[in-house]
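> Before anything else, here's the structure in question.
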Ligand SMILES: Nc1ncnc2c1ncn2[C@@H]1O[C@H](COP(=O)(O)OP(=O)(O)O)[C@@H](O)[C@H]1O
Ligand SMILES: [Mg+2]
C-alpha cells in the first residue's frame, strides 16, 4: 500500500485522569474532505488541535507524508486553520488579514498582492479588502478567515465548527462555498462539526466520534445504510429501536421474535448473536410503509397522530407492546387512501432494511 | 430600578446640589491656587489686590524649579517604561499561566497599592541605604516602578482577559512564531490597556511625594519634593505658580489621553 497523505496513529490525549481521546487511528488520502462528527465533548477538537500542534498528544503520532509532525512547532507546520470563534485580527484590514501569513513568510509585495486578490475572489469578497473586520457580518468574517487560512496554499486545512455561530440559512450558503472551494483548490480538509446534516452535505468521509473513540468511519451512506453500532444508527438519521429476541442467524440474515410474538426473518445482523440473546431491532422511520410489499414484515399498531407533509406522512404509532414509534412513509401518488385514518392497523418494513443490535448498550 | 434618575422628583434638585457641592469642594482649592499664582500679593491675600506674572518670572528665573520638573519627568518616564514592560510580562503570566501560587504572586504584585505608602517608603529607604542605592536615580526609579506596577498590571491584565487567545493561535498557525504573534497581533489588540497602564504609571510616579522625599537627595529632587521643601521654608506665591503648572501639565495629559483613547478604540 502506498503511504497515506496524512496519518493519525493511535492518538491518545489525557487531561489529568480524564481521557479526552482514547485511541484514534485514521489514514487520510490527499484531497479528501473528512469530517469529525460527534456530540459535544467527544474529542473532535482535541484531535484536530493535536494535528495543528496546540495540544501535545499523550501518546500516538501524526504523520504527514510519512514524517512525524509532533516535533514541528505549530507555526512551522504550514497548516491552515479556521476556528469556531471569530479570529480575524481586528486592527488589520481584510486584505492585511489575508496577507498576514504571507508577510510572516516574507514573501515579496507583488506576490502578496496577487495572492490576496486571488483569495478574496475565491471567497467572493472582492472589494472588501479595505474594510476592517468589525464592519463585516459573521459569515463574511468566517469567509475572510477561510481566505487567510488558504493564502499560503497549505496542504491541509483544519476547520473547527466554523459555521456554528451562524444562522441556518447562512450556514447552508457557506457550506456550498466550502464545497466549491474544496473542489477548486483540491486541499485536504479536516472539518469538525456536531451537525450531521452539515457533515453529510460536505464530506467525502465522516469519522463519527464518541467518548474519545471513533465509533465508525466511512461515507455518509456507510454510516446511514450500514451503521456499525447502535450509537451510529441513532446519531445519523432517525431510528426506532424495538426490543427483540434473537433466534438464529444464517449468512448475516437473522431471525428474531418481536415483543408481540411475531417472528421476522432476514434482518441484518450487525454482529454474532447467541440463541435467545436479547437484541434491539433498528428500523428507520422512512423504512416503514403503510401497505405490504413483496417481502415485508408487518407490525400491528394503533395510530396516535398523523400529519401530511407532501412528500411523506409523519405518523406516531403505538405497538401492541406499548412502545411509541416514529413512522414516516413516503406519500404514494398512485393511491390516495389514508390508512392512518383508522384507529389501528399495521405498518410494514422490509427486514433487509432493519438492523439488529445487541441490547443494553451503554448510551 | 429603585433609583431612577428620571423619577426622583424634587430629590433630583437635591442630588444636583449635593453633586455640585462635592465637585466645588474638590476643585475650588485648585482654582484658588491658580488665581493666587497670578495675584500680586506677596502674602497670598485673597482677593488679590492686583494681577501679575512676576511669580512665574521668578519661577523660571530659578533653575532649581526647572531642574526639579525635568527630574520628575525623567524618573516618571523611566518608571513608566519599566512598569509597563514588567506589567506586561507579569500580566501574561497571571492571566495565561497555570502555576501554583499564582494568586499569591498577583497579590504580592498589587500590595504597593494597599500598603501604607509611608511604610513602604521607610522600608525601601532603609534597604536602599544598605545596598548603596540611596539617593541615586536608579533607586528612585526602582522605588517608583514598584509603586507604579499595580497601576500597569490592572489595566493590562483586564485587556488580556478580554482578548480571545484563539486569535493569537490563529496567528501562530498562519506561521508567526509565538513571540511574533504576540508582538503583531496580541499587543495591538490590547493597546488600550497598555496605553492606560502607561498613563496611570506615569501619574503614579509624577505626583508621588512620600517615597520621593525619602529617595531624594539635595541634588536629586522631583517637583513634588521641591514644592514640599519650599513650602516648609516660606509660603511664596512662586509655589502657587509651580503648582499651577503641575495642574496644567496633569490636565493636558488627561485631555491627550482621552483623545488618544478615543482614537485607539475606533
Ligand atoms: N484543556 C483541557 N483541560 C481539561 N479537559 C479538556 C481540555 N480540553 C478539552 N477537555 C475535555 O476533553 C473532552 C473533549 O473535548 P473536545 O475535544 O473539545 O470535544 P469536542 O470538540 O468533541 O466537543 C471534553 O470532555 C473536554 O471537557
Ligand atoms: Mg469542539
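Note that Cβ sites are derived from N, Cα and C of the backbone, with glycine treated the same way.
According to TrEMBL, the record shows the following:
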DOMAIN    B:69-257  domain 'ABC transmembrane type-1'
TRANSMEM  B:12-38  transmembrane segment
TRANSMEM  B:75-95  transmembrane segment
TRANSMEM  B:107-128  transmembrane segment
TRANSMEM  B:140-160  transmembrane segment
TRANSMEM  B:192-215  transmembrane segment
TRANSMEM  B:235-260  transmembrane segment
> Three or more CB pairs closer than 8 Å, sequence separation of 6 or more: does that hold for the transmembrane segment (B:107-128) against the transmembrane segment (B:235-260)?
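Between the transmembrane segment (B:235-260) and the transmembrane segment (B:107-128), which are separate recorded stretches, there is no contact, as judged by 3 or more close Cβ pairs.
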> Is the transmembrane segment (B:192-215) packed against any residues at least 6 beyond its ends, judged by a Cβ distance under 8 Å, and which are they?
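Residues 72-73, 75-77, 79-80, 83-84, 87-88, 117-118, 120-122, 124-125, 128, 134-135, 139-140, 143-144, 147-149, 151-160, 222, 224-225, 228, 246, 250, 253, 257, 260-261, 264-265.
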> Considering only Cβ pairs under 8 Å, which range in B:12-38, B:140-160, B:235-260 makes the most contacts with the transmembrane segment (B:75-95)?
B:140-160
